[in-house]
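Below is one structure, written out as structure tokens, with a few remarks after it.
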Amino acid sequence: MAQQIQVDLGERSYPIYIGQSLMSDSETLSRYLLKKRILIVTNETVAPLYLKQVQDTMASFGEISSVILSDGEQFKDLTHLDSIFTALLQRNYGRDSVLVALGGGVIGDMTGFAAACYQRGIDFIQIPTTLLSQVDSSVGGKTAVNHPLGKNMIGAFYQPQIVIIDTECLQTLPAREFAAGMAEVIKYGIMWDADFFQWLENNVQALKSLDTQALVYAISRCCEIKADVVSQDETEQGVRALLNLGHTFGHAIEAEMGYGNWLHGEAVAAGTVLAAQTAKSLGLIDESIVCRIVQLLQAFDLPVKAPESMDFESFIQHMRRDKKVLGGQIRLVLPTAIGRAEVFSQVPESTLEQVICCA
């Protein structure tokens, strides 16, 4: 029996389904796709694994086409976004069409942004296939592509019709990608739920061995938190900013090192440690909390230090372009306890320099 979580946004509310074999659940999918013209957007890694299965599930719904993109963060740009528009236009797809995002965070972000733009908005659904996309990027309506000068700088808030999370996809996920997803899972515990953080500490081996019950619980709890936050603050004017814990530092790492060289979750992991160390420098938390965060990230084989090649100037030039900057002030999400975080807008750059140089 699939778990269901509702993202409550009035007329734009939608369900998240979490369970096994959901990509073969034609009954659920038919509610959103029956008699529609469907374009499945996927990538060259996911297509051999799941494209035919999804096509077979949707075979009776209507016209189905697909577009297969290159795999990787380095392809999340306007040039490759255009491939989706070209596929839609070549097939004369109109406003009654639906895009299906079948893949990880890159595919979900690009498909959602394409849906937001095409003919000023068409429906799309999310079928995330990586842990990171299942617990984070597929929920909440953030869609975007990257620019060479900054991550996710060109995008829109645009909600899906439904999110289908099939946990069986994780059986084919490379270990490095699974670890990257765990960085976002751990983030939820740090910024929102201390009990969940402790549960993660106690269930490392169950999660790493892909225990179904543990995975469903972890994914469900993350989606519950994300749904709660998004329902309160869809466009990140307040509490939703807390979901960016580790991301200001992390996005700087991704941009500086070249998109795709560090996975998003790896950069977030290192960024989360830098955020915790900044909080410690400001007297917000003590060393024991930093140690718990570092130890849990390390337990999932995640990096806890920034690249040695990055100095303070490398970080700060990217952080000044961060989307959360207001009035020229860098705004950082910092933990104030396990289970709590706040946004700080006046962290001295001298403090950041000390943290980065000593990390």
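Cβ from N, Cα, C; glycine included.
Residues HIS247, HIS264 are given by Swiss-Prot as Zn(2+) binders; from GLU168, GLU184, GLU342, that same site also lists GLU184. Each of LEU132, ASP136, ALA183, LYS187, GLY246, GLY250, GLY265, ALA267, VAL268, GLY271 belongs to the same chain as GLU184, HIS247, HIS264, is absent from that list, and has a C-beta within 8 angstroms of the C-beta centroid marking the Zn(2+) site. Sparsest Cβ environment among the binding-site residues ASP71, GLU184 (other Cβ atoms counted within 10 Å): ASP71. The Cβ of HIS247 (Zn(2+) binding site) lies under 8 Å from the Cβ of VAL268, GLY271, VAL333, each of these being in the same chain and 6 or more residues away along the sequence. With respect to GLU184 (Zn(2+) binding site), the closest of these binding-site residues in Cα terms is THR130, chosen from GLN74, GLY108, THR130, THR172. Contacts of HIS264 (Zn(2+) binding site) defined by a Cβ separation under 8 A and a same-chain sequence distance of 6+ are given as GLU73, GLY105, LEU132, ALA180, GLY250, GLU254, in order along the sequence.
Cβ neighbour count for GLY108 (NAD(+) binding site) (all protein chains, 10 Å cutoff from its Cβ): 30.
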